[in-house]
Amino acid sequence: MDLDAITKHSASHAKPDGLILQYGTAGFRTKADRLDHVMFRMGLLAVLRSKQTKSTIGVMVTASHNPEDDNGVKLVDPLGEMLAPSWEEHATHLANAEEQDLARALVAISEEAAVNLHQDAFVVIGRDTRPSSEKLSESVIDGVTVLGGQFHDYGLLTTPQLHYMVCCRNTGGQYGEATIDGYYHKLSTAFVELSKQASCSGDDHRTLKVDCANGIGALKLKEMKHYLPQGLSVQLFNDGTKKLNHFCGADFVKSHQKPPEGIEMKANERCCSFDGDADRIIYYYCDVDGHFHLIDGDKIATLISSFLKELLLEIGESLTVGVVQTAYANGSSTRYLEEVMKVPVYCTKTGVKHLHHKAQEFDLGVYFEANGHGTVLFSKAAEAKIRQLAKELEDKKGKAAKMLENVIDLFNQATGDAISDMLVIEAILALKGLTIQQWDALYTDLPNRQLKVKVADRQVISTTDAERQVVKPPGLQEAINDLVKKYKLSRAFVRPSGTEDVVRVYAEADSQENADSLAYEVSLAVFQQAGGVGERPQPGF
(Lines of atoms letter the chains of each structure in order from A and count residues from 1; the text may use other names and numbers.)
(Lines give C-alpha, C1' and ligand atoms only; values in the text may rest on other atoms or scores of the structure.)
Protein backbone atom coordinates (compact mmCIF):
# COMPACT_ATOMS: atom_id res chain seq x y z
CA MET A 1 0.00 0.00 0.00
CA ASP A 2 1.69 3.14 -1.27
CA LEU A 3 0.62 5.62 1.40
CA ASP A 4 2.52 8.50 -0.18
CA ALA A 5 0.67 8.04 -3.49
CA ILE A 6 -2.66 7.76 -1.67
CA THR A 7 -1.97 10.97 0.28
CA LYS A 8 -0.98 12.77 -2.92
CA HIS A 9 -4.14 11.69 -4.77
CA SER A 10 -6.31 12.46 -1.75
CA ALA A 11 -5.14 16.09 -1.84
CA SER A 12 -7.12 16.54 -5.08
CA HIS A 13 -10.21 15.09 -3.33
CA ALA A 14 -9.86 17.10 -0.14
CA LYS A 15 -12.38 16.66 2.64
CA PRO A 16 -14.26 19.85 3.63
CA ASP A 17 -13.33 20.94 7.15
CA GLY A 18 -15.71 19.78 9.84
CA LEU A 19 -17.95 17.71 7.55
CA ILE A 20 -19.21 14.56 9.27
CA LEU A 21 -21.25 11.95 7.40
CA GLN A 22 -22.77 8.63 8.46
CA TYR A 23 -22.96 5.48 6.34
CA GLY A 24 -26.63 4.53 6.66
CA THR A 25 -28.93 1.92 5.13
CA ALA A 26 -28.49 3.58 1.75
CA GLY A 27 -24.82 4.48 2.18
CA PHE A 28 -23.77 8.13 2.16
CA ARG A 29 -26.14 10.81 0.90
CA THR A 30 -25.82 14.58 0.86
CA LYS A 31 -25.39 17.46 -1.58
CA ALA A 32 -23.32 16.34 -4.55
CA ASP A 33 -20.73 19.10 -4.15
CA ARG A 34 -19.77 17.70 -0.72
CA LEU A 35 -19.07 14.13 -1.84
CA ASP A 36 -15.87 14.14 -3.90
CA HIS A 37 -13.66 13.05 -0.99
CA VAL A 38 -16.18 10.38 0.03
CA MET A 39 -16.21 8.88 -3.46
CA PHE A 40 -12.41 8.71 -3.61
CA ARG A 41 -12.28 7.07 -0.20
CA MET A 42 -15.03 4.57 -1.02
CA GLY A 43 -12.92 3.54 -4.00
CA LEU A 44 -10.12 2.84 -1.53
CA LEU A 45 -12.45 0.97 0.80
CA ALA A 46 -13.91 -1.12 -2.01
CA VAL A 47 -10.41 -2.34 -2.86
CA LEU A 48 -9.76 -3.33 0.76
CA ARG A 49 -13.10 -5.13 0.96
CA SER A 50 -12.37 -6.92 -2.32
CA LYS A 51 -8.98 -8.06 -1.07
CA GLN A 52 -10.46 -9.26 2.21
CA THR A 53 -13.31 -11.25 0.62
CA LYS A 54 -11.32 -12.30 -2.48
CA SER A 55 -14.40 -11.22 -4.44
CA THR A 56 -15.70 -8.54 -6.76
CA ILE A 57 -17.19 -5.59 -4.84
CA GLY A 58 -19.64 -3.05 -6.28
CA VAL A 59 -19.78 0.72 -5.88
CA MET A 60 -23.03 2.46 -6.85
CA VAL A 61 -23.20 6.23 -7.28
CA THR A 62 -26.80 7.31 -6.64
CA ALA A 63 -29.07 9.14 -4.23
CA SER A 64 -32.18 7.19 -5.24
CA HIS A 65 -35.33 9.22 -4.48
CA ASN A 66 -33.46 12.27 -3.19
CA PRO A 67 -33.58 15.59 -5.09
CA GLU A 68 -31.43 15.91 -8.22
CA ASP A 69 -28.83 18.15 -6.51
CA ASP A 70 -28.03 15.40 -4.01
CA ASN A 71 -25.93 12.34 -4.63
CA GLY A 72 -24.66 9.36 -2.73
CA VAL A 73 -22.66 6.16 -2.78
CA LYS A 74 -22.98 2.67 -1.39
CA LEU A 75 -20.89 -0.47 -1.56
CA VAL A 76 -22.25 -3.84 -2.65
CA ASP A 77 -20.96 -7.04 -1.02
CA PRO A 78 -20.03 -10.28 -2.88
CA LEU A 79 -23.49 -11.84 -3.33
CA GLY A 80 -25.10 -8.55 -4.27
CA GLU A 81 -26.15 -7.87 -0.69
CA MET A 82 -25.64 -4.70 1.32
CA LEU A 83 -22.30 -3.96 2.93
CA ALA A 84 -21.59 -5.88 6.15
CA PRO A 85 -22.28 -3.80 9.32
CA SER A 86 -18.64 -3.88 10.46
CA TRP A 87 -17.60 -2.41 7.13
CA GLU A 88 -20.29 0.27 7.38
CA GLU A 89 -18.36 1.39 10.46
CA HIS A 90 -15.11 1.33 8.48
CA ALA A 91 -16.79 3.40 5.75
CA THR A 92 -17.94 6.03 8.24
CA HIS A 93 -14.54 6.19 9.89
CA LEU A 94 -12.70 6.51 6.57
CA ALA A 95 -15.07 9.13 5.16
CA ASN A 96 -14.72 11.33 8.24
CA ALA A 97 -10.94 11.04 8.74
CA GLU A 98 -9.15 14.36 8.36
CA GLU A 99 -6.64 14.57 5.51
CA GLN A 100 -3.62 14.11 7.75
CA ASP A 101 -5.21 11.00 9.32
CA LEU A 102 -6.31 9.24 6.12
CA ALA A 103 -3.24 6.99 5.76
CA ARG A 104 -3.47 5.91 9.41
CA ALA A 105 -7.18 5.17 8.99
CA LEU A 106 -6.49 2.91 5.99
CA VAL A 107 -3.78 1.03 7.86
CA ALA A 108 -6.06 0.62 10.89
CA ILE A 109 -8.89 -0.81 8.75
CA SER A 110 -6.48 -3.16 6.97
CA GLU A 111 -5.15 -4.48 10.26
CA GLU A 112 -8.49 -4.75 12.04
CA ALA A 113 -10.11 -6.58 9.09
CA ALA A 114 -7.02 -8.74 8.47
CA VAL A 115 -6.78 -7.64 4.83
CA ASN A 116 -4.14 -9.37 2.73
CA LEU A 117 -2.77 -6.37 0.85
CA HIS A 118 -1.07 -8.64 -1.69
CA GLN A 119 -4.41 -10.11 -2.78
CA ASP A 120 -5.82 -8.95 -6.14
CA ALA A 121 -8.86 -6.69 -6.05
CA PHE A 122 -11.67 -6.07 -8.54
CA VAL A 123 -14.39 -3.43 -8.29
CA VAL A 124 -17.41 -2.80 -10.53
CA ILE A 125 -18.98 0.64 -10.68
CA GLY A 126 -22.39 1.95 -11.74
CA ARG A 127 -24.06 5.34 -11.66
CA ASP A 128 -27.46 6.98 -12.09
CA THR A 129 -28.38 9.84 -14.42
CA ARG A 130 -27.72 12.79 -12.08
CA PRO A 131 -25.54 15.52 -13.62
CA SER A 132 -22.98 14.96 -10.85
CA SER A 133 -22.75 11.18 -11.12
CA GLU A 134 -20.18 10.82 -13.89
CA LYS A 135 -17.63 13.10 -12.22
CA LEU A 136 -18.16 11.41 -8.85
CA SER A 137 -17.69 7.99 -10.48
CA GLU A 138 -14.32 9.18 -11.74
CA SER A 139 -13.36 9.96 -8.15
CA VAL A 140 -14.28 6.39 -7.15
CA ILE A 141 -12.09 5.07 -9.97
CA ASP A 142 -9.20 7.25 -8.79
CA GLY A 143 -9.47 5.66 -5.36
CA VAL A 144 -9.61 2.14 -6.81
CA THR A 145 -6.60 2.58 -9.08
CA VAL A 146 -4.29 4.33 -6.59
CA LEU A 147 -4.64 1.30 -4.30
CA GLY A 148 -3.85 -1.07 -7.17
CA GLY A 149 -7.34 -2.40 -7.78
CA GLN A 150 -8.74 -3.40 -11.17
CA PHE A 151 -12.19 -2.17 -12.15
CA HIS A 152 -14.98 -2.33 -14.70
CA ASP A 153 -17.12 0.77 -15.13
CA TYR A 154 -20.63 -0.24 -16.24
CA GLY A 155 -21.63 3.41 -16.57
CA LEU A 156 -25.37 4.04 -16.38
CA LEU A 157 -27.17 1.30 -14.42
CA THR A 158 -30.07 1.01 -12.05
CA THR A 159 -28.95 0.18 -8.52
CA PRO A 160 -30.44 -3.35 -8.72
CA GLN A 161 -28.59 -3.96 -11.99
CA LEU A 162 -25.26 -3.28 -10.27
CA HIS A 163 -26.23 -5.68 -7.47
CA TYR A 164 -27.02 -8.23 -10.20
CA MET A 165 -23.61 -7.73 -11.87
CA VAL A 166 -21.76 -8.26 -8.59
CA CYS A 167 -23.68 -11.46 -7.82
CA CYS A 168 -23.13 -12.82 -11.34
CA ARG A 169 -19.38 -12.22 -11.21
CA ASN A 170 -19.00 -13.84 -7.80
CA THR A 171 -21.02 -16.96 -8.68
CA GLY A 172 -19.11 -17.73 -11.85
CA GLY A 173 -22.12 -16.87 -13.98
CA GLN A 174 -24.48 -19.27 -12.17
CA TYR A 175 -26.77 -16.38 -11.20
CA GLY A 176 -26.68 -15.01 -14.73
CA GLU A 177 -24.44 -13.33 -17.28
CA ALA A 178 -22.78 -10.19 -15.89
CA THR A 179 -23.89 -7.93 -18.74
CA ILE A 180 -26.88 -5.67 -19.27
CA ASP A 181 -28.09 -8.02 -22.02
CA GLY A 182 -27.70 -10.92 -19.59
CA TYR A 183 -29.91 -9.11 -17.10
CA TYR A 184 -32.60 -8.36 -19.69
CA HIS A 185 -32.49 -11.89 -21.07
CA LYS A 186 -32.78 -13.59 -17.68
CA LEU A 187 -35.76 -11.53 -16.54
CA SER A 188 -37.63 -11.45 -19.84
CA THR A 189 -37.24 -15.20 -20.43
CA ALA A 190 -38.59 -15.99 -16.95
CA PHE A 191 -41.47 -13.55 -17.47
CA VAL A 192 -42.44 -15.12 -20.81
CA GLU A 193 -42.23 -18.64 -19.38
CA LEU A 194 -44.27 -17.77 -16.30
CA SER A 195 -46.93 -15.97 -18.34
CA LYS A 196 -47.23 -19.00 -20.64
CA GLN A 197 -48.42 -21.09 -17.69
CA ALA A 198 -51.68 -19.17 -17.53
CA SER A 199 -54.76 -21.19 -18.43
CA CYS A 200 -56.64 -17.89 -18.55
CA SER A 201 -54.43 -14.87 -18.98
CA GLY A 202 -57.17 -12.25 -18.72
CA ASP A 203 -56.78 -9.55 -21.33
CA ASP A 204 -54.96 -10.64 -24.48
CA HIS A 205 -53.22 -7.30 -24.54
CA ARG A 206 -52.30 -5.65 -21.26
CA THR A 207 -51.13 -2.05 -20.89
CA LEU A 208 -49.13 -0.63 -18.01
CA LYS A 209 -48.23 3.05 -17.63
CA VAL A 210 -44.91 3.57 -15.87
CA ASP A 211 -43.71 6.79 -14.23
CA CYS A 212 -39.91 6.48 -14.37
CA ALA A 213 -39.20 9.47 -12.08
CA ASN A 214 -37.11 11.04 -14.86
CA GLY A 215 -34.35 8.70 -13.71
CA ILE A 216 -32.19 5.79 -14.80
CA GLY A 217 -35.21 3.47 -14.83
CA ALA A 218 -36.52 5.24 -17.94
CA LEU A 219 -33.35 4.57 -19.90
CA LYS A 220 -33.15 0.92 -18.87
CA LEU A 221 -36.85 0.15 -19.30
CA LYS A 222 -36.69 1.62 -22.82
CA GLU A 223 -33.88 -0.83 -23.58
CA MET A 224 -35.77 -3.75 -22.04
CA LYS A 225 -39.06 -3.10 -23.88
CA HIS A 226 -37.60 -4.88 -26.92
CA TYR A 227 -37.21 -8.07 -24.86
CA LEU A 228 -40.83 -8.15 -23.65
CA PRO A 229 -43.67 -9.98 -25.44
CA GLN A 230 -46.28 -8.05 -27.37
CA GLY A 231 -48.91 -9.11 -24.84
CA LEU A 232 -47.56 -6.53 -22.37
CA SER A 233 -47.41 -2.94 -23.53
CA VAL A 234 -45.29 -0.71 -21.28
CA GLN A 235 -45.83 3.03 -21.78
CA LEU A 236 -43.17 5.27 -20.25
CA PHE A 237 -43.80 8.66 -18.64
CA ASN A 238 -41.35 11.02 -16.92
CA ASP A 239 -38.76 9.41 -19.14
CA GLY A 240 -35.76 11.56 -18.28
CA THR A 241 -36.62 14.73 -20.16
CA LYS A 242 -37.37 16.69 -16.96
CA LYS A 243 -35.90 17.06 -13.47
CA LEU A 244 -35.19 13.86 -11.57
CA ASN A 245 -37.73 12.99 -8.83
CA HIS A 246 -39.43 16.38 -9.19
CA PHE A 247 -43.15 15.90 -8.41
CA CYS A 248 -42.86 12.32 -9.65
CA GLY A 249 -41.50 8.92 -8.69
CA ALA A 250 -42.48 6.31 -6.12
CA ASP A 251 -41.50 8.38 -3.08
CA PHE A 252 -43.60 11.35 -4.24
CA VAL A 253 -46.65 9.19 -4.97
CA LYS A 254 -46.40 7.34 -1.65
CA SER A 255 -45.76 10.44 0.45
CA HIS A 256 -48.38 12.67 -1.16
CA GLN A 257 -50.86 9.89 -1.98
CA LYS A 258 -51.62 11.39 -5.37
CA PRO A 259 -50.56 10.78 -8.99
CA PRO A 260 -47.23 12.13 -10.23
CA GLU A 261 -47.08 15.03 -12.61
CA GLY A 262 -46.43 14.14 -16.23
CA ILE A 263 -48.59 11.00 -16.51
CA GLU A 264 -51.92 10.69 -18.30
CA MET A 265 -54.38 8.58 -16.30
CA LYS A 266 -57.76 7.32 -17.38
CA ALA A 267 -60.26 5.57 -15.11
CA ASN A 268 -59.11 2.18 -13.83
CA GLU A 269 -55.86 2.20 -15.84
CA ARG A 270 -53.01 0.30 -14.21
CA CYS A 271 -50.11 2.65 -13.39
CA CYS A 272 -46.90 2.36 -11.42
CA SER A 273 -43.97 4.54 -10.38
CA PHE A 274 -40.28 3.74 -9.96
CA ASP A 275 -37.98 5.80 -7.79
CA GLY A 276 -34.85 7.56 -9.06
CA ASP A 277 -32.59 4.50 -9.13
CA ALA A 278 -35.35 1.95 -9.85
CA ASP A 279 -35.22 -0.13 -6.68
CA ARG A 280 -38.76 0.80 -5.51
CA ILE A 281 -42.14 0.39 -7.16
CA ILE A 282 -45.62 1.64 -6.24
CA TYR A 283 -48.86 0.86 -8.15
CA TYR A 284 -51.97 3.04 -8.30
CA TYR A 285 -55.09 3.95 -10.31
CA CYS A 286 -57.99 6.38 -10.38
CA ASP A 287 -61.53 5.00 -10.22
CA VAL A 288 -64.46 6.15 -12.36
CA ASP A 289 -65.26 8.86 -9.80
CA GLY A 290 -61.74 10.25 -10.03
CA HIS A 291 -60.63 8.98 -6.63
CA PHE A 292 -56.96 8.04 -6.35
CA HIS A 293 -56.10 4.55 -5.06
CA LEU A 294 -52.55 3.74 -3.88
CA ILE A 295 -51.27 0.16 -3.94
CA ASP A 296 -48.08 0.25 -1.91
CA GLY A 297 -45.50 -2.29 -0.77
CA ASP A 298 -47.93 -3.90 1.69
CA LYS A 299 -50.38 -4.90 -1.03
CA ILE A 300 -47.53 -5.95 -3.32
CA ALA A 301 -46.26 -8.29 -0.58
CA THR A 302 -49.79 -9.61 -0.06
CA LEU A 303 -50.32 -10.37 -3.75
CA ILE A 304 -46.96 -12.10 -4.14
CA SER A 305 -46.98 -14.10 -0.89
CA SER A 306 -50.52 -15.40 -1.44
CA PHE A 307 -49.57 -16.48 -4.97
CA LEU A 308 -46.47 -18.29 -3.73
CA LYS A 309 -48.42 -20.03 -0.98
CA GLU A 310 -50.97 -21.29 -3.53
CA LEU A 311 -48.18 -22.77 -5.66
CA LEU A 312 -46.57 -24.45 -2.64
CA LEU A 313 -49.91 -25.99 -1.66
CA GLU A 314 -50.28 -27.27 -5.23
CA ILE A 315 -46.94 -29.09 -5.23
CA GLY A 316 -47.49 -30.33 -1.66
CA GLU A 317 -44.17 -29.11 -0.25
CA SER A 318 -44.03 -27.84 3.32
CA LEU A 319 -41.50 -25.09 2.71
CA THR A 320 -41.57 -22.26 5.24
CA VAL A 321 -42.94 -18.91 4.08
CA GLY A 322 -42.56 -15.68 6.03
CA VAL A 323 -43.58 -12.10 5.25
CA VAL A 324 -41.39 -9.42 6.82
CA GLN A 325 -42.74 -5.92 7.44
CA THR A 326 -41.82 -2.81 9.41
CA ALA A 327 -43.97 -0.85 11.84
CA TYR A 328 -45.03 1.32 8.87
CA ALA A 329 -46.97 -1.57 7.33
CA ASN A 330 -50.69 -0.87 7.39
CA GLY A 331 -52.47 -2.80 10.15
CA SER A 332 -55.05 -4.11 7.65
CA SER A 333 -52.32 -5.82 5.61
CA THR A 334 -50.92 -7.58 8.66
CA ARG A 335 -54.38 -8.80 9.71
CA TYR A 336 -55.21 -10.00 6.18
CA LEU A 337 -51.97 -11.96 5.85
CA GLU A 338 -52.22 -13.57 9.28
CA GLU A 339 -55.98 -14.17 9.53
CA VAL A 340 -57.09 -14.74 5.93
CA MET A 341 -53.99 -16.05 4.13
CA LYS A 342 -52.59 -17.78 7.24
CA VAL A 343 -49.12 -16.50 6.40
CA PRO A 344 -46.85 -15.65 9.34
CA VAL A 345 -45.78 -12.00 9.52
CA TYR A 346 -42.69 -10.65 11.28
CA CYS A 347 -41.78 -7.05 12.10
CA THR A 348 -38.27 -5.57 12.00
CA LYS A 349 -36.70 -2.16 12.42
CA THR A 350 -37.02 0.26 9.51
CA GLY A 351 -34.34 -0.18 6.85
CA VAL A 352 -34.21 -2.75 4.09
CA LYS A 353 -31.10 -4.43 5.51
CA HIS A 354 -33.12 -5.47 8.59
CA LEU A 355 -35.94 -6.92 6.47
CA HIS A 356 -33.49 -8.69 4.18
CA HIS A 357 -31.70 -10.33 7.10
CA LYS A 358 -34.97 -11.58 8.66
CA ALA A 359 -36.28 -12.87 5.30
CA GLN A 360 -33.21 -15.08 4.98
CA GLU A 361 -34.50 -17.19 7.89
CA PHE A 362 -37.24 -18.77 5.70
CA ASP A 363 -37.32 -21.07 2.70
CA LEU A 364 -39.29 -18.30 0.97
CA GLY A 365 -38.92 -14.90 2.59
CA VAL A 366 -41.08 -12.08 1.25
CA TYR A 367 -40.25 -8.54 2.30
CA PHE A 368 -41.53 -5.19 1.13
CA GLU A 369 -41.37 -1.89 2.90
CA ALA A 370 -44.53 0.16 2.50
CA ASN A 371 -42.49 2.49 0.26
CA GLY A 372 -42.29 -0.26 -2.38
CA HIS A 373 -38.75 -1.53 -1.80
CA GLY A 374 -38.66 -5.30 -1.58
CA THR A 375 -38.16 -8.72 -3.09
CA VAL A 376 -38.52 -12.46 -2.43
CA LEU A 377 -35.60 -14.52 -1.15
CA PHE A 378 -35.39 -18.27 -1.77
CA SER A 379 -32.99 -20.28 0.37
CA LYS A 380 -30.46 -22.39 -1.56
CA ALA A 381 -32.13 -25.56 -0.31
CA ALA A 382 -35.59 -24.34 -1.37
CA GLU A 383 -34.34 -23.29 -4.80
CA ALA A 384 -32.66 -26.65 -5.37
CA LYS A 385 -35.81 -28.51 -4.28
CA ILE A 386 -38.08 -26.45 -6.53
CA ARG A 387 -35.83 -26.88 -9.57
CA GLN A 388 -35.69 -30.62 -8.96
CA LEU A 389 -39.49 -30.85 -8.70
CA ALA A 390 -39.86 -28.80 -11.89
CA LYS A 391 -37.91 -31.52 -13.72
CA GLU A 392 -39.61 -34.51 -12.09
CA LEU A 393 -43.29 -33.64 -11.60
CA GLU A 394 -46.03 -33.82 -14.21
CA ASP A 395 -49.54 -32.38 -14.58
CA LYS A 396 -50.68 -29.67 -12.16
CA LYS A 397 -47.88 -30.24 -9.66
CA GLY A 398 -45.25 -30.00 -12.36
CA LYS A 399 -46.86 -26.85 -13.73
CA ALA A 400 -46.83 -25.25 -10.25
CA ALA A 401 -43.18 -26.24 -9.72
CA LYS A 402 -42.20 -24.72 -13.08
CA MET A 403 -44.02 -21.53 -12.18
CA LEU A 404 -42.10 -21.33 -8.90
CA GLU A 405 -38.88 -21.88 -10.83
CA ASN A 406 -39.78 -18.97 -13.13
CA VAL A 407 -40.47 -16.78 -10.08
CA ILE A 408 -37.01 -17.61 -8.72
CA ASP A 409 -35.45 -16.45 -11.98
CA LEU A 410 -37.63 -13.35 -12.18
CA PHE A 411 -36.73 -11.92 -8.79
CA ASN A 412 -33.50 -10.02 -8.34
CA GLN A 413 -32.83 -11.69 -5.01
CA ALA A 414 -29.83 -9.52 -4.28
CA THR A 415 -32.00 -6.48 -3.67
CA GLY A 416 -35.31 -4.81 -4.37
CA ASP A 417 -35.66 -4.20 -8.11
CA ALA A 418 -38.52 -2.15 -9.59
CA ILE A 419 -38.21 -3.76 -13.04
CA SER A 420 -38.06 -7.29 -11.64
CA ASP A 421 -40.93 -6.65 -9.22
CA MET A 422 -43.03 -5.08 -11.99
CA LEU A 423 -42.68 -8.18 -14.17
CA VAL A 424 -43.60 -10.51 -11.30
CA ILE A 425 -46.68 -8.44 -10.47
CA GLU A 426 -47.78 -8.25 -14.11
CA ALA A 427 -47.39 -12.02 -14.50
CA ILE A 428 -49.39 -12.76 -11.33
CA LEU A 429 -52.21 -10.42 -12.31
CA ALA A 430 -52.38 -12.09 -15.74
CA LEU A 431 -52.22 -15.61 -14.29
CA LYS A 432 -54.98 -14.90 -11.78
CA GLY A 433 -57.04 -12.80 -14.20
CA LEU A 434 -57.11 -9.92 -11.70
CA THR A 435 -57.81 -6.30 -12.52
CA ILE A 436 -56.06 -3.63 -10.49
CA GLN A 437 -59.38 -2.87 -8.75
CA GLN A 438 -59.75 -6.52 -7.70
CA TRP A 439 -56.19 -6.53 -6.37
CA ASP A 440 -56.88 -3.34 -4.45
CA ALA A 441 -60.05 -4.88 -2.97
CA LEU A 442 -58.21 -7.73 -1.22
CA TYR A 443 -58.40 -5.57 1.91
CA THR A 444 -59.00 -1.91 2.76
CA ASP A 445 -56.13 0.09 4.21
CA LEU A 446 -56.71 1.82 7.51
CA PRO A 447 -56.44 5.61 7.07
CA ASN A 448 -53.02 6.81 8.22
CA ARG A 449 -50.81 9.86 8.48
CA GLN A 450 -47.05 10.39 8.68
CA LEU A 451 -45.56 13.57 10.16
CA LYS A 452 -42.16 14.68 11.40
CA VAL A 453 -41.18 16.85 14.36
CA LYS A 454 -37.97 18.89 14.47
CA VAL A 455 -35.96 18.34 17.64
CA ALA A 456 -32.68 19.65 18.98
CA ASP A 457 -31.19 16.14 19.18
CA ARG A 458 -32.88 13.06 17.75
CA GLN A 459 -30.81 10.82 20.01
CA VAL A 460 -33.03 11.73 22.94
CA ILE A 461 -35.49 9.23 21.43
CA SER A 462 -34.70 5.55 21.97
CA THR A 463 -36.99 2.71 20.86
CA THR A 464 -37.45 -1.04 21.18
CA ASP A 465 -39.79 -3.76 19.81
CA ALA A 466 -38.88 -3.05 16.15
CA GLU A 467 -39.26 0.69 16.83
CA ARG A 468 -42.86 0.32 17.99
CA GLN A 469 -42.22 1.30 21.63
CA VAL A 470 -40.36 4.31 23.06
CA VAL A 471 -37.87 3.59 25.84
CA LYS A 472 -36.79 7.17 26.39
CA PRO A 473 -37.52 9.92 27.18
CA PRO A 474 -39.47 8.55 30.14
CA GLY A 475 -43.21 9.07 29.96
CA LEU A 476 -43.46 9.58 26.20
CA GLN A 477 -44.67 6.04 25.47
CA GLU A 478 -47.29 6.32 28.22
CA ALA A 479 -48.52 9.55 26.65
CA ILE A 480 -48.75 7.87 23.24
CA ASN A 481 -50.65 4.93 24.75
CA ASP A 482 -53.20 7.27 26.31
CA LEU A 483 -53.72 9.09 22.99
CA VAL A 484 -54.16 5.84 21.06
CA LYS A 485 -56.93 4.75 23.45
CA LYS A 486 -59.06 7.70 22.29
CA TYR A 487 -59.54 6.32 18.75
CA LYS A 488 -60.90 3.11 17.21
CA LEU A 489 -58.62 0.65 15.34
CA SER A 490 -55.75 2.97 16.16
CA ARG A 491 -52.04 2.69 16.73
CA ALA A 492 -49.13 5.11 16.65
CA PHE A 493 -45.38 5.02 17.01
CA VAL A 494 -42.45 7.42 16.77
CA ARG A 495 -38.84 6.87 15.73
CA PRO A 496 -35.80 9.11 15.29
CA SER A 497 -34.69 9.79 11.73
CA GLY A 498 -31.48 8.07 10.70
CA THR A 499 -30.13 11.15 8.93
CA GLU A 500 -31.50 14.38 10.43
CA ASP A 501 -32.68 15.80 13.75
CA VAL A 502 -36.33 15.00 13.31
CA VAL A 503 -38.64 12.44 14.89
CA ARG A 504 -40.93 10.59 12.50
CA VAL A 505 -44.53 10.04 13.64
CA TYR A 506 -46.92 7.42 12.25
CA ALA A 507 -50.58 7.08 13.18
CA GLU A 508 -53.53 5.10 11.84
CA ALA A 509 -57.17 4.91 12.87
CA ASP A 510 -60.67 4.07 11.66
CA SER A 511 -61.06 7.35 9.72
CA GLN A 512 -58.74 9.85 8.07
CA GLU A 513 -59.95 12.56 10.45
CA ASN A 514 -59.06 10.42 13.46
CA ALA A 515 -55.72 9.36 11.98
CA ASP A 516 -54.87 13.02 11.36
CA SER A 517 -55.92 14.01 14.88
CA LEU A 518 -53.92 11.20 16.46
CA ALA A 519 -50.84 12.07 14.41
CA TYR A 520 -51.10 15.72 15.47
CA GLU A 521 -51.55 14.88 19.16
CA VAL A 522 -48.61 12.44 19.14
CA SER A 523 -46.48 15.05 17.34
CA LEU A 524 -47.32 17.58 20.04
CA ALA A 525 -46.35 15.10 22.76
CA VAL A 526 -43.01 14.51 21.01
CA PHE A 527 -42.43 18.26 20.68
CA GLN A 528 -43.11 18.81 24.37
CA GLN A 529 -41.22 15.82 25.77
CA ALA A 530 -38.36 15.30 23.31
CA GLY A 531 -36.95 18.80 22.90
CA GLY A 532 -38.91 20.12 19.93
CA VAL A 533 -37.53 23.18 18.14
CA GLY A 534 -39.10 25.74 15.83
CA GLU A 535 -42.83 26.01 15.32
CA ARG A 536 -45.05 23.79 17.46
CA PRO A 537 -47.12 21.18 15.58
CA GLN A 538 -50.47 22.57 14.49
CA PRO A 539 -53.79 20.84 13.72
CA GLY A 540 -54.23 20.40 9.99
CA PHE A 541 -50.44 20.40 9.50
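Every residue, even glycine, has its Cβ placed from backbone N, Cα and C.
Any TrEMBL annotation is an automated prediction that lacks curation.
Record note: among 351-378, 379-406, 435-462, 379-406 is the stretch given as coiled coil by TrEMBL. Ranking the binding-site residues E369, N371, P496, G498, R504 by Cα distance from D275 (Mg(2+) binding site) puts N371 first.
Cβ proximity to the Mg(2+) site centre (mean Cβ of S64, D275, D277, D279, cutoff 8 Å) flags the following additional same-chain residues: T62, H65, T158, T159, G215, A250, F274, G276, A278, R280, H373, A418. With respect to N371 (substrate binding site), the closest of these binding-site residues in Cα terms is D279, chosen from S64, D277, D279. Listed stretches 113-166, 179-282, 296-433, 470-522 were compared with the domain 'Alpha-D-phosphohexomutase alpha/beta/alpha' (51-99); the greatest number of C-beta pairs under 8 angstroms is found for 113-166. Here the candidates are the binding-site residues S64, D277, D279. The one whose C-alpha lies nearest to that of G498 (substrate binding site) is S64. Ranking the binding-site residues P496, G498 by other CB atoms within 10 A of the CB puts G498 at the bottom.
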